[in-house]
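Read the structure below first, then the notes.
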Amino acid sequence: MLLLLAEFLQQFYKGFAVFQYLSLRGILGVLTALTLSLCLGPWMIRTLQMRQIGQSVRNDGPQSHLSKSGTPTMGGALILSSIGISTLLWADLSNRYVWVVLLVTFLFGAIGWVDDYRKVIEKNSRGLPSRWKYFWQSVFGLCAAIFLYTTAPSATETTLIVPMLKDVRIPLGIGFIVLTYFVIVGSSNAVNLTDGLDGLAIMPTVMVGGALGIFCYLSGNVKFAEYLLIPYVPGAGELIVFSGALIGAGLGFLWFNTYPAQVFMGDVGALALGAALGTMAVIVRQEMVLFIMGGVFVMETLSVVIQVASFKLTGRRVFRMAPIHHHFELKGWPEPRVIVRFWIITVILVLIGLATLKLR
């Protein structure tokens with residue numbers, strides 16, 4: 001929006017041309033979203049408290065979590081608002097990738113909002129039934145996948161890239177739709193499963209989102225893409241603005257979500273942010289790198305799958321409780337220790353993911 005204004009004002013003052021630089025608009029995206037999140041956060045928390053929109057806590061979980069009961073939830077709306085406003089202000093709104101990521105983010109956020117609303121407002125402990133949650137996730141995920149497939153200008157944008165193996169590129173054809181569906185829906189649910197401790201999900205999301213923003217910036221520049229031997233995706237660089245907005249909004253939310261949390265993001269935030277990460281990775285053909293960098297999300301998801309499968313097949317549980325962050329809590333780890341150690345793991349995995357840019 002402001003990019004259009006800057007382009008118009010260039011005829012009066014050439015200095016406005018500086019807003020053409022993606023790096024500047026990415027930084028402005030961070031600062032705008034961060035400011036919005038920090039300024040709107042206290043008001044949103046008070047509003048949620050006044051309306052008694054608080055988190056309910058399971059009795060069979062760690063006893064330390066009982067003190068969290070009543071903490072305002074659905075704070076993901078703060079994250080999405082900050083991301084949306086910042087992106088609309090600083091991104092090139094004629095770029096199709098910007099709209100794809102925004103729409104996927106907000107549509108998955110809508111699913112989470114309905115789930116949270118039914119749990120918190122209607123006092124329905126089930127929330128949105130799982131079959132309907134996965135149905136709508138599938139609908140939105142498939143719509144995004146089909147759109148990206150049918151509008152891909154070249155085969156490069158539907159080819160599977162294997163990190164560190166520069167000569168291995170697998171044309172997916174229609175299989176691109178299937179892969180994209182699983183990446184978007186899978187990452188959405190993985191982040192949601194991780195969102196069980198104060199600040200546990202948001203910081204890895206910020207780190208992975210920031211790293212994916214770097215991939216988007218490099219893939220959108222033909223010289224960088226050719227030098228690094230990564231797919232050149234025209235227009236993908238504009239997603240650095242969305243990535244910046246995600247970083248700013250996430251850090252602003254963490255200000256209130258850090259231990260002991262004043263607000264939880266709820267499904268409205270977790271489902272949306274996970275879907276955003278998956279969509280960005282798909283656009284720049286870095287699904288495998290997302291799997292590496294989002295290792296904490298993968299670990300949390302696998303712990304649930306293993307726990308359920310083991311109990312159904314043998315009647316025994318592998319972990320004391322799943323997702324795995326609760327297992328460590330029940331082993332006696334203080335909550336802040338679990339959180340920070342998972343953050344450290346994410347830092348390491350993100351650095352490994354970024355290293356694949358040169359290890360080819």
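From the backbone N, Cα and C atoms, a Cβ is placed for every residue, glycine too.
Within the listed segments 4-24, 25-45, Swiss-Prot records transmembrane segment for the stretch 25-45. Stretch with the most C-beta contacts under 8 angstroms to the transmembrane segment (199-219), considering only 73-93, 97-117, 135-155, 263-283, 288-308: 263-283. Residues 104, 108, 134, 137-138, 141-142, 144-146, 148-149, 152, 155, 158-160, 162, 270-272, 274-275, 277-279, 281-282, 287, 290, 294, 297-298, 300-301 of the same chain lie 6+ residues outside the transmembrane segment (170-190) yet bring a C-beta within less than 8 angstroms of a C-beta in it.
Between the transmembrane segment (236-256) and the transmembrane segment (73-93), the number of CB pairs under 8 angstroms, six or more residues apart, is three or more, so the stretches are in contact. Residues 3, 19, 72, 75, 77-79, 81-83, 85-87, 89-91, 213, 217, 240-249, 251-253, 255-256, 262-263 of the same chain lie 6 or more positions beyond the ends of the transmembrane segment (25-45) yet place their CB under 8 Å from a CB of it.
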